[in-house]
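Checked TrEMBL, it gives:
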- 80-206: domain 'MotA/TolQ/ExbB proton channel' (DOMAIN)
- 15-36: transmembrane segment (TRANSMEM)
- 138-158: transmembrane segment (TRANSMEM)
- 170-191: transmembrane segment (TRANSMEM)
Amino acid sequence: MAAMNVLDLFLKSSLLVQLIILLLILFSIVSWAIIIHKTRLLNVAHRDADVFEDKFWSGKELAQLYQESDARYDRIAGSEQIFHSGFKAFSRLHRANSRPEAIIDGACSAMRIAMNRELEMLETHIPFLGTVGSISPYIGLFGTVWGIMNAFIALGAAKQATLQMVAPGIAEALIATAIGLFAAIPAVMAYNRLNLRVNKLEQNYDNFMEEFTAILHRQVFARAENQ
């Protein structure tokens, strides 16, 4: 019965209020699609990072790890993509007999670029949630103000003002605020949660890069000393 009442109020509201409600519903649908997609994507990214780091610290040779990653390059991401880019640059510069400092700088630069690309992919569309969370209540409030204004205009034109006359118009107007909050609250919560998870993953990538760079630093300077 409540659903029918809400639908009835929506159908009786003004065209502008109807458009505002439809816009807010669209915002909510898109927000939930982003939330579900990004949650799944971040779950996979965190899991892949843990799996690759276990493999990285398993004692395998770096060259062997690189060959395994290169064989399935189209399917790697996250820490493994960062490793692949760094070791590829390291090997190329080492074969070119570059200075040890240039080799390390080149590998670090390649890893940093790979990490930024990974984070950019993970962060795509998340700002939209923040935007929805910020503007939806105000859009809903605008619809409410417009609806109440129309209700009072109609009330002023009536010969005899009663609560029964003004109540439906106010109820129609308040639907816009309710739907605005319905769209905004999940979007704000998801925006904060997803950003927190992306930041945690960025810290994970940074730590991996520092550890991998230290290993490359030891290798390249050890070879330089032996030569």
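Cβ atoms here come from the backbone N, Cα and C positions, even for glycine.
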Limited to the domain 'MotA/TolQ/ExbB proton channel' (80-206), I'd like the whole-number average of pLDDT.
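Average per-residue pLDDT within the domain 'MotA/TolQ/ExbB proton channel' (80-206): 88.
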Looking only at the domain 'MotA/TolQ/ExbB proton channel' (80-206), what are its DSSP counts of helix, strand and coil residues?
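Each residue of the domain 'MotA/TolQ/ExbB proton channel' (80-206) counted once, the result is 116 helix, 0 strand, 11 coil.
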